[in-house]
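Below is one structure, written out as structure tokens; the observations come after it.
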Amino acid sequence: MHHKKNQTLGEFIIENQDSFKYSSGELSKLINAIRLAAKVVNHEVNKAGLVDILGKAGETNIQGEDQQKLDVFANEKFINTLANREIVCGIASEEEDDFIAINSNDKGNQNKYVVLIDPLDGSSNVDVNVSVGTIFSIYRRVTPVGTPVTLEDFLQPGNQQVAAGYVVYGTSTMLVYTTGDGVNGFTLNPAIGTFYLSHPNMQFPEDGTIYSVNEGKYIHFHQGVKDYIKYCQQEEGDRPYTSRYIGSLVSDFHRNMIKGGIYMYPKSSVTQEGKLRLLYECNPMAFLAEQANGIATGGKTRIMDIKPTELHQRVPFFCGSKNMVNKLQEFLEKYH
Ligand code: AHM
Ligand code: MG
């Protein structure tokens, strides 16, 4: 892979397209659609603090325009941008109950890809000026090209992903993605609207000292998770570890990938479910994690080997630096 720092995302796509095992033009179209929507959503997210001046969601602003909630806005922008690129035959979004078929009545439709997206993850953080993100996951359809897209095209295990990534709307806005050949991060220069390669070949450090979990729910966790959290807090060697939890998966993941850490969203003894969605959140993050020398597991099974049964399926999610996730797994296994 060629890495030149300060290369633009556009240049990077062209120079590295041979490493994509399918058509290079297809990959460019997909990533271009995502980077374009990311810029539009970034612009809107950055204005979120002006809500009292520009008008709240559900209200009409002084220019007479209806204001939308940011997650609805992001959902529409990503869907419209992807749908217009003659590359995607279907889109599933965390914001929509059902998947959306694109031009399915057009017999000449040669579009081969399905995209699954969480358009604005962690959106409860917008009101308090904390980072949010977009997460995306891309597959080749499994049903024949030219026929209507089906649920089967979306319910593929994560190990079939051809690309995945996220946008983090943070102190800087970044686009981080993989096509199965490592993970690269691009930072937006908002003045000119260009993404630059700022973080080539991102890797989770093998070890880390950060654990990220909503500890308020401790009482509902599996005993193995509880024991691991206690282990993180013990005074021994490089422990106690540091606890860091933003409540925005993208930001928590991004920090842990750079600094070394583990993210945990276990199932709850009350609901018997995790919170995070396998298709929109866990699979894309798992693909990135593994491409960056990390691990993502549901506890017993590798996240990307889970065969999905429904679009909005939730799974427990443990992800991060190898040695940390392996240690957690030792604790989980004690109670199997
Ligand atoms: P959302 O898709 O409704 O925004 O929820 C997903 C978010 C993740 O970004 C974050 O890691 C998690 O929910 C936080 O949940 P909790 O508040 O239960 O800790
Ligand atoms: Mg979400």
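Any Cβ shown, glycine's included, is placed from N, Cα and C.
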- Note on the structure: Among E94, E95, E96, TrEMBL assigns to the Mg(2+) 1 site of D118, L120 just E94
- According to TrEMBL, D118, D121 bind Mg(2+) 2; which one of E236, E273, E281, E290 is listed for that same site? E281
- substrate binding, same site as D121, G122, S123, S124, N214, Y245 - TrEMBL member from K77, K267, K275, K300: K275
- Where G122 (substrate binding site) falls in three-state DSSP terms: coil
- Note on the structure: Within 10 angstroms of the C-beta of N214 (substrate binding site), the count of other C-beta atoms across all shown chains comes to 14
- Message: Helix, strand or coil for K275 (substrate binding site)? Use DSSP.
- Response: coil
- Taking the Cα atoms as reference points, how far is L120 (Mg(2+) 1 binding site) from K275 (substrate binding site) in Å? 16
